[in-house]
Amino acid sequence: MEKNEVAVTKKEPNYRGVKAMPFVIGNETFEKLGTMGTSSNMLVYLSTVFNMSSISATNLINIFNGTCNFGTLFGAFLSDTYLGRYKTLGIASVSSFLGMLVLTLTAAVSALHPPKCGVAESSICVNPTPWQLTFLYSAFGLLVVGASGIRPCNLAFGADQFNPNTDSGRKGINSFFNWYYFTFTFAVMLSLTIIVYVQSNVNWAIGLGIPTFLMLLSCVVFFIGSRIYVKVLPEGSPLTSMAQALVVAFKKRNLNLPEQPWSNLFNYFSPNSINSKLAYSDQLRFLNKAAIITEDDEINTDGSAANPWRLCSIQQVEEVKCVVRVIPTWIAGIIYYVVLAQMQTYVVFQAIQSNRRLGSGNFQIPAASYSVFMMLSLTIWIPIYDRLIVPSLRRITKKEEGISLLQRMGIGMVLAIVTMLVSALVENHRRTLAITHPTLGLVPRKGAISSMSGSWLIPQLAIAGISEAFTVIGQVEFFYKQFPENMRSFAGSFLFCGFAMSNYLSSFLISVVHRTTKVGETENWLSEDLNKARLDYFYYLIAGLEVVNLGYFLICSKYYKYKTTENGAKDVAMEELQPQKPIV
């Protein structure tokens with residue numbers, strides 16, 4: 001890792017900063033326009049074009065989203081260790097384009113999807129053939145490869161284009177982040193409205209062809225800027241250092257720690273390290289045994305260990321502790337994300353069987369477009385919280401950030417419980433109207449459309465958006481601060497892996513509930529026709545799970561110790577962190 005960093009320094013990269021931004025931002029914008037709307041509407045596509053049941057479609061989407069998120073860990077590893085961010089992004093962008101192209105073919109070529117179902121309740125729906133599913137899964141596989149490379153690298157690659165050691169460079173990085181999130185929000189909202197509308201109401205082939213073309217533009221824009229990019233060389237995986245500390249601690253598990261470990265353990269710190277020098281801590285003391293010096297351990301003339309697989313520094317041990325300490329909080333996040341997963345899946349099915357007309361006209365809001373209200377509430381809430389609420393909290397708590405990150409995450413978890421309770425009440429209202437009042441027609445393979453306005457779904461989505469602003473954004477900053485500086489790309493992957501595990505957990509819960517619950521003789525809580533199901537009971541179940549999770553999180557928060565450097569600094573405000581290299 002150090003050799004690579006020296007190599008980058010010797011080359012004295014010509015940071016183009018603002019000149020490179022249009023290419024990086026353009027790539028990001030077209031990529032999000034191409035994939036986000038399609039991803040959000042994929043549930044409807046699988047249900048209507050591939051004739052999948054709601055359970056099968058939901059589980060497939062959860063597994064697909066989970067694999068995309070889990071793949072970011074491998075994407076970050078390959079980027080940091082072998083390929084570098086430029087090559088990783090290039091390969092991933094091409095893979096995403098090919099995935100979108102194959103997906104478009106499944107809609108455009110009639111032989112690649114089953115015939116359309118009839119409207120009548122008694123009509124027969126033909127399931128997709130193994131060949132059709134193979135073609136569909138190959139598209140998903142290419143999209144997984146694309147997401148695995150793009151998600152952990154695009155933000156860091158943009159930051160690489162600015163010199164982090166100058167004031168103008170640091171201001172440029174901040175400006176890039178602002179533009180990144182602006183274009184991200186813009187692209188997502190455009191995808192969830194216009195592209196989703198074309199897909200659902202005009203033609204699926206055209207609706208998928210548009211984002212495929214945009215993804216092609218994303219690739220073209222990215223490669224056009226190749227000559228002016230700063231391409232940071234791969235630095236080697238920081239996971240090797242972690243593995244060494246764990247292996248050596250296990251080898252020396254039978255040794256006794258000295259009475260004054262802070263002064264008697266091996267305390268070497270590399271002068272070339274970009275990490276902060278961490279203070280000794282008593283927590284997780286068994287790991288400290290990796291730094292015990294024995295007669296067999298050899299030390300180089302520069303003070304480093306001759307064999308890092310036999311002796312590790314206390315700095316390495318403390319870096320491992322930083323990662324281990326966040327795992328309990330990460331687990332709480334996995335259970336929390338189950339709520340957000342429902343806002344992206346079953347809310348779509350609720351919308352399908354609700355009145356989505358605007359006023360007395362014939363225009364209907366596409367079912368997948370309701371997710372835009374979650375994005376809107378998050379976007380509106382962030383400046384209100386940052387500009388109005390945080391200053392007030394500072395005066396009360398005397399803390400620069402207003403409240404601690406763990407407190408911020410806890411508030412979001414409380415709002416997640418409220419989200420599920422509101423969702424259950426709204427679903428109960430929707431179902432009651434469908435049973436007791438005149439309905440508005442039939443949805444193939446599902447059931448009658450309730451007269452309840454789809455606007456009733458907005459409150460739960462709005463609360464979920466505010467909850468996400470507290471917990472998810474809090475977790476982003478929490479991982480960014482608590483991980484060692486050389487692991488910040490993995491910090492982002494850690495967050496995505498939490499999303500992945502949550503997708504798998506959500507899929508598991510849905511399968512268990514589908515098989516073990518009953519409504520009448522033949523139906524269950526998650527039956528195809530929500531009017532015959534009890535989705536509200538499922539929402540109450542998740543609310544109960546979130547209450548237990550909140551209790552677990554509070555216990556974890558009570559015993560958590562923030563990362564502390566040798567000079568005593570801890571929990572530094574994000575804007576005060578001074579990067580020594582392009583932000584990862």
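Every residue gets a Cβ built from N, Cα and C, even glycine.
Heads up, TrEMBL stuff is auto-annotated, nobody curated it.
According to TrEMBL, the features are:
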| type | residues | note |
| --- | --- | --- |
| TRANSMEM | 89-111 | transmembrane segment |
| TRANSMEM | 131-150 | transmembrane segment |
| TRANSMEM | 179-198 | transmembrane segment |
| TRANSMEM | 204-224 | transmembrane segment |
| TRANSMEM | 323-343 | transmembrane segment |
| TRANSMEM | 363-384 | transmembrane segment |
| TRANSMEM | 405-426 | transmembrane segment |
| TRANSMEM | 461-480 | transmembrane segment |
| TRANSMEM | 492-517 | transmembrane segment |
| TRANSMEM | 537-555 | transmembrane segment |
Do the transmembrane segment (537-555) and the transmembrane segment (89-111) come close, with at least three CB pairs under 8 A (pairs 6 or more apart in sequence)? no
Short question: most Cβ pairs under 8 Å with the transmembrane segment (323-343), which of 405-426, 461-480, 492-517? 492-517
Same chain, outside the transmembrane segment (363-384) by at least 6, Cβ under 8 Å from its Cβ: which residues? 37, 40-41, 43-44, 185, 188-189, 192-193, 196-197, 199-201, 343-344, 347-349, 351-352, 356-357, 454, 457-458, 461-466, 468-469, 473
Stretch contact, the transmembrane segment (204-224) with the transmembrane segment (89-111), Cβ-Cβ under 8 Å, 3+ pairs: yes
Excluding the flanking five residues on each side, which residues at least 6 beyond the ends of the transmembrane segment (405-426) place their CB within less than 8 Å of a CB in that stretch? 329, 332-333, 336, 339, 342-343, 347, 350, 456-457, 459-460, 463-464, 466-472, 474-475, 477-478, 481, 536-537, 539-540, 542-543, 546-547, 549-550, 553-554, 557, 560, 571
